[in-house]
Amino acid sequence: MRFSSNAKQFVLLIIVGIFLLLGYVVFNHFNERQNILSKPILRSRVQNIVSPERLLYKQPSVLVGRTDVVAVTPWLAPIVWEGTFDPDLVDIIYKSMNLTIATTVFAVGKYVRFLQDFLETAEKHFMVDFNVRYYVFTDRPDDVPSVNMSQGRHLSVIQVPGSNSWQEISARKMKTIQTAIERQISREADYIFCLDVDSKFHARWGAESLGRLVAVIHPWFYQATRDHFTYERRPASTAYIPMDEGDYYYTGAVFGGFVEDVYTLTKVCRNQLEEDARNSIEAAWQEESHLNRYLLYNKPSKLLSPEYQWDDKKTKTKEVKVIRFSTVIKNYAEIRPNV
């Protein structure tokens, strides 16, 4: 078969166009990843835990310690409980790195009322003497309270749309955090924690919480077996977890880690939430269900015990020696727009 010169030119143009399109896609993917990695984040610095010389602290033991709780996962990630770490030693090691920790909270609609307590208690207990940047997502920027910040700590207000549906607000959290990391946070922080605003700090939350990918064991499920976990069990959802699978049930109220790793988490969860929405399905516990799915197959490098996200409705148990951060009691019918 013979082709005319015009046909040959047309085919050649198509081939060139395909190569240009592939090059554009690859370049954009590389450029996006480079933007997230543009800040000289600490991967090389945290791999070596450097302790100052002549630093005096209590000798650790391999025989004496907590025996009432498990302090390591089957994949050898630590589970942080009171009594499993030396707070002074941990802080001294990490303070020498001159880190900045980003902290995101959503104060949308009537949830803005919780912001003052959140910020004031954070200034007393959260990453004290570290550089901290709070990012407050709100549809009511004029209602953000003025709270005295310690040196090295700053607050940014990022306006987001309101909604008549708390499920919609919940579902778009991952997208909002992903976008904020791309546009701002990746240039300003080393680690990030994403926290619920309807909570308060009660005791120290320090550098023992830092890790590549950090999750918190849910206070209502840490004593339960996996068949009682409220995972998404419908195969039609991208958050689906089969009945015979599961490690722990993680709370959606707290997650964190390296900025790059949390970026990947939020991007994957956002894509899954959007795919479910296109298929007219909503996971059992919205973004928390997708978070649990992600963390099942992308194991966290550090787990925080329920000390780091208690629930004020729950009676304190003997294993929990200290409550560091907790969800406050509230009337959902009064603060949520569509309950």
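The backbone N, Cα and C atoms fix where each Cβ goes, glycine too.
Annotated features in TrEMBL:
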- 12-30: transmembrane segment (TRANSMEM)
- Phe106, Ala107, Val108, Tyr111, Asp196, Val197, Asp198: UDP-N-acetyl-alpha-D-galactosamine binding site (BINDING)
- Asp196, Asp198: Mn(2+) binding site (BINDING)
- Glu288: active site, nucleophile (ACT_SITE)
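This view paints the features noted in TrEMBL onto the structure.
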residue: Phe106; record: UDP-N-acetyl-alpha-D-galactosamine binding site; CB count, 10 Å: 26
residue: Ala107; record: UDP-N-acetyl-alpha-D-galactosamine binding site; CB count, 10 Å: 26
residue: Val108; record: UDP-N-acetyl-alpha-D-galactosamine binding site; CB count, 10 Å: 23
residue: Tyr111; record: UDP-N-acetyl-alpha-D-galactosamine binding site; CB count, 10 Å: 22
residue: Asp196; record: UDP-N-acetyl-alpha-D-galactosamine binding site; CB count, 10 Å: 19
residue: Val197; record: UDP-N-acetyl-alpha-D-galactosamine binding site; CB count, 10 Å: 23
residue: Asp198; record: UDP-N-acetyl-alpha-D-galactosamine binding site; CB count, 10 Å: 21
residue: Glu288; record: active site, nucleophile; CB count, 10 Å: 23
* To do: With UDP-N-acetyl-alpha-D-galactosamine as the bound species and Phe106, Ala107, Val108, Tyr111, Asp196, Val197, Asp198 as its recorded binding residues, calculate the greatest Cα-Cα distance and give it in Å as a whole number.
  => 11
* Residue pair Asp196 (UDP-N-acetyl-alpha-D-galactosamine binding site), the residue listed as 'active site, nucleophile' - Cα distance, angstrom, rounded -> 12
* **Cα separation, the residue listed as 'active site, nucleophile' to Val197 (UDP-N-acetyl-alpha-D-galactosamine binding site) (Å, whole number)** => 15
* Asked: Other residues with Cβ within 8 Å of the Cβ centroid of Phe106, Ala107, Val108, Tyr111, Asp196, Val197, Asp198 at the UDP-N-acetyl-alpha-D-galactosamine site?
  -> Val105, Val112, Phe114, Leu115
* To do: Measure from the CA atom of Val108 (UDP-N-acetyl-alpha-D-galactosamine binding site) to the CA atom of the residue listed as 'active site, nucleophile' and give the result in Å, rounded to a whole number.
  => 18
